[in-house]
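Student: Pasting the relevant annotations from TrEMBL:
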TRANSMEM  B:71-90  transmembrane segment
TRANSMEM  B:111-138  transmembrane segment
TRANSMEM  B:150-178  transmembrane segment
TRANSMEM  B:185-204  transmembrane segment
TRANSMEM  B:236-258  transmembrane segment
């Protein structure tokens with residue numbers, strides 16, 4: 001079963017020449033368990049998509065289903081969301097804010113436990129206006145969890161957190177998915193973060209879906225040998241289709257056993273090799289390749 | 001429905017300055033004005049006159065006419081707009097919209113605004129009652145001499161007019177707050193509209209041509225209560241109906257706009 005399903009969703013803002021297509025015929029299925037990463041450069045349509053799921057923005061075309069039913073107030077009540085920068089009533093304390101959200105949701109929430117979970121116990125009775133960005137981020141995550149949701153939408157949840165805080169939130173996200181069985185839709189610019197926690201990812205660019213699948217499958221390409229050589233042309237000529245320019249060097253698709261022979265043949269042809277290293281496929285490289293391709 | 005109302009009340013009570021300006025300033029000014037005018041009258045003239053004929057409940061009923069005062073409406077509109085604008089101002093719709101239907105939030109804000117306005121009217125009436133009683137006792141009247149029962153129905157009829165007028169004001173302010181997403185723009189528009197209708201009424205010299213405006217409708221309804229010495233049903237009900245029409249039309253229009261309003265950033 002899917003937690004969130006988008007069918008052929010489109011959304012534009014503005015009129016005439018200033019019209020911007022935020023999303024174009026987007027279809028996605030987010031499973032009811034696990035972490036689903038949403039990636040995309042600025043302006044790709046991620047925030048519009050998240051706001052649309054939460055009912056803040058209406059699609060021009062297409063439909064959204066939540067937990068197998070058309071999206072509406074009853075199904076949206078099963079979502080928890082942290083969208084964009086966390087915003088609060090500055091005149092309330094963290095405890096009051098969470099209690100208020102729980103009462104609006106019609107649930108009895110264990111606010112002290114929730115505050116402990118995001119490490120805000122000591123600041124529980126401070127007004128939110130005095131919170132640092134990291135504390136606001138933690139309170140935003142607590143707000144998303146206050147009504148015991150079945151699916152959580154987290155938009156840049158580690159923004160403003162220190163490295164320890166980022167690791168804690170990453171663990172929290174994994175726990176939510178693995179131990180509590182929630183669906184987590186995680187939007188982030190931090191590709192490394194998404195790669196570490198997400199089971200599946202979707203990459204958006206200019207409102208379109210450019211790649212989607214399991215992280216392992218998307219990065220399923222072979223490792224490649226990267227060479228920093230004095231002259232690239234002779235290497236490319238010698239190796240043909242298995243070599244290409246990558247950055248300031250040459251990448252070679254080659255088996256590990258073949259490397260000593262390759263290096264000695266380059267040296268024998270007086271091609272200086274300054275550095276040779278194995279490069280594992282990562283999400284950043286994949287992301288850049290996908291978003292650059294579609295820009296072109 | 002009950003729970004969002006409580007959260008709306010909590011939000012406005014926590015914004016103390018706005019709550020005081022919107023809902024406590026008018027009763028405070030009304031009581032001060034009553035003390036000032038009746039105090040002068042008491043000091044200059046009334047002390048020497050017999051104390052008979054003072055009716056505190058009727059005086060309290062008349063004091064509810066403050067709902068028709070343009071300056072009072074400016075403060076009331078500020079209070080109402082503060083309730084409706086808070087989630088635009090702090091960009092907190094994103095926390096609320098996924099949790100309940102927009103109708104629940106719209107209704108909760110409307111009920112919270114009307115509850116605060118009713119509290120304000122109650123304070124105006126209680127303040128007037130208190131000042132009248134104190135001054136009457138100072139003039140030597142006994143509490144047992146007051147004719148409470150006769151004016152009680154008049155008080156409730158006048159209260160209904162004031163509530164209906166403030167219902168129309170609430171709906172209009174809510175509509176404009178949703179349109180502008182700003183309390184200042186909404187409050188100024190409501191104030192200018194109220195002022196313009198009052199000026200037109202003064203200029204034309206009769207409320208008949210402008211009977212459809214909230215101010216004229218309220219005057220019509222009040223004339224049914226206070227003019228002629230006895231209750232007149234037709235002007236009273238006509239005025240109330242016009243005010244309710246304003247309330248319903250603006251309220252429904254505001255809700256429809258809010259229901260369809262995009263919130264790409266609050």
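Heads up, the Cβ atoms here are built off N, Cα and C, so glycines get one too.
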Student: Against the transmembrane segment (B:185-204), which of these stretches has the most C-beta pairs under 8 Å: B:71-90, B:111-138, B:236-258?
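Tutor: Between the stretches B:71-90, B:111-138, B:236-258, B:71-90 has the largest tally.
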Student: Any residues 6+ beyond the ends of the transmembrane segment (B:71-90) with a Cβ under 8 Å from its own?
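Tutor: Here the qualifying positions are 8, 11-12, 15, 18-19, 21-23, 25-26, 29-30, 96, 105, 109, 112-113, 116-117, 120, 166, 169-170, 173-174, 176-178, 181-183, 186-187, 190-191, 194, 266.
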Student: Give the nonlocal contacts of the transmembrane segment (B:111-138) in its own chain as ranges (CB under 8 Å, at least six residues past its ends).
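Tutor: The answer is 5, 8-9, 12, 19, 22-24, 26-27, 30-31, 34-35, 38-39, 42, 46-47, 51, 54, 56-57, 59-64, 66-67, 76, 79-80, 83-84, 146, 155, 159, 162-163, 166-167, 169-170, 173-174.
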